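Feature annotations, courtesy of TrEMBL:
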DOMAIN    18-134  domain 'Thymidylate kinase-like'
BINDING   Gly20, Ile21, Asp22, Gly23, Ala24, Gly25, Lys26, Ser27  ATP binding site
REGION    134-155  region 'Disordered'
DOMAIN    161-228  domain 'Thymidylate kinase-like'
Amino acid sequence: MTIRTPMIETPRGCFISFEGIDGAGKSTHIEPLAQWLRERGQTVVVTREPGGTPLAEALRSMVLHDAMDTLTEALLVFAARRDHLLRVIVPALDRGAVVLCDRFTDASFAYQGAGRGLSDDMLTQLEHWVQSVPDTPGDPARATGGAASEPKAASEAQRWIEPDLTLWFDITPEQAAERLARARTPDRFEAETLGFFERVRLGYARRAQAAAGRIVRVDAAQPPELVWHQVTEAVASRWPLPSGRCK
Ligand SMILES: Nc1ncnc2c1ncn2[C@@H]1O[C@H](COP(=O)(O)OP(=O)(O)OP(=O)(O)O)[C@@H](O)[C@H]1O
Ligand SMILES: Cc1cn([C@H]2C[C@H](O)[C@@H](COP(=O)(O)O)O2)c(=O)[nH]c1=O
């Protein structure tokens, strides 16, 4: 697929996403990592998908609880992502913060793609539309109407936003289900079959293979302290904290 709008690099913070099948242990490690980074002088924003803004949280509630077809589901998670990017993620990166996001677009390829069968072509189109953002830092109006909501000129400068690092918490569906059974009442995804989560896990494995420089596999079946060690190793080996910025 061709992207016609020019892409430019700007100095910014660092974007880390957490991925994996339900019950892999992502949420358990996200706040401790935020604290660990703050102790090393970073400003950290912790957020999640779908969600992170009032609109995206409303969409999350529908996606997690209402029956719908797969394309509708994909459109809603990408609509939530667009709002989240413009209102929370991009402004935080522009302020130089580290953004820790519980799931991002890899989840759409894994769940709506590998899990539910939506084509990679369709997901790639959505990814390109949603993750190309106007290069007008510090202008919240771009998220609330006005110029940014108008159809953009082909020549308008855009920035491509994707995680700098993705921690993929890999675990078998059986192990994850055992953890979730102890934890809470399942939502629409958590109630899915082991076969569904096998496909989702394979979807993550394919993404990890295709983006080996960005996606780091964490063996999430290990006890929490060993998982934590892998998480901090992955972050520290990329960025020599506390000296400063991710990029
Ligand atoms: N390494 C681990 N060993 C054993 N249990 C764990 C481990 N990590 C997390 N857990 C437990 O497993 C359950 C699920 O963990 P958590 O909520 O962090 O997963 P998650 O990946 O965020 O799931 P979801 O995507 O469904 O929100 C929790 O009860 C948590 O305490
Ligand atoms: C971002 C995103 C998420 N999902 C699914 C995956 C999970 O089951 C839920 C989110 O809840 P959790 O607390 O993070 O487990 O939504 C999805 O299907 N597609 C996506 O793009």
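Backbone N, Cα and C atoms are what each Cβ position is placed from, and that goes for glycine too.
Remember, TrEMBL labels are computer predictions, not curated facts.
Overlay of TrEMBL annotations on the structure.
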{"residue": "Gly20", "record": "ATP binding site", "Cβ neighbours (10 Å)": "26"}
{"residue": "Ile21", "record": "ATP binding site", "Cβ neighbours (10 Å)": "32"}
{"residue": "Asp22", "record": "ATP binding site", "Cβ neighbours (10 Å)": "20"}
{"residue": "Gly23", "record": "ATP binding site", "Cβ neighbours (10 Å)": "24"}
{"residue": "Ala24", "record": "ATP binding site", "Cβ neighbours (10 Å)": "28"}
{"residue": "Gly25", "record": "ATP binding site", "Cβ neighbours (10 Å)": "22"}
{"residue": "Lys26", "record": "ATP binding site", "Cβ neighbours (10 Å)": "22"}
{"residue": "Ser27", "record": "ATP binding site", "Cβ neighbours (10 Å)": "14"}
>> Taking 8 Å from the centroid of the Cβ atoms of Gly20, Ile21, Asp22, Gly23, Ala24, Gly25, Lys26, Ser27 as the cut-off, which other residues in that chain fall inside it around the ATP site?
In response: Phe169, Ile171, Ala176, Ala220
> Could you give the number of helix, strand and coil residues in the domain 'Thymidylate kinase-like' (18-134) as assigned by DSSP?
Replying inline: 74 helix, 16 strand, 27 coil
> Counting each residue once, how many in the domain 'Thymidylate kinase-like' (161-228) are helix, strand and coil under DSSP?
Replying inline: 33 helix, 11 strand, 24 coil
>> Less than 6 Å between Cβ and the nearest atom of ligand 2 is the rule; apply it to the binding-site residues Gly20, Asp22, Ala24, Gly25, Lys26, Ser27.
In response: Asp22
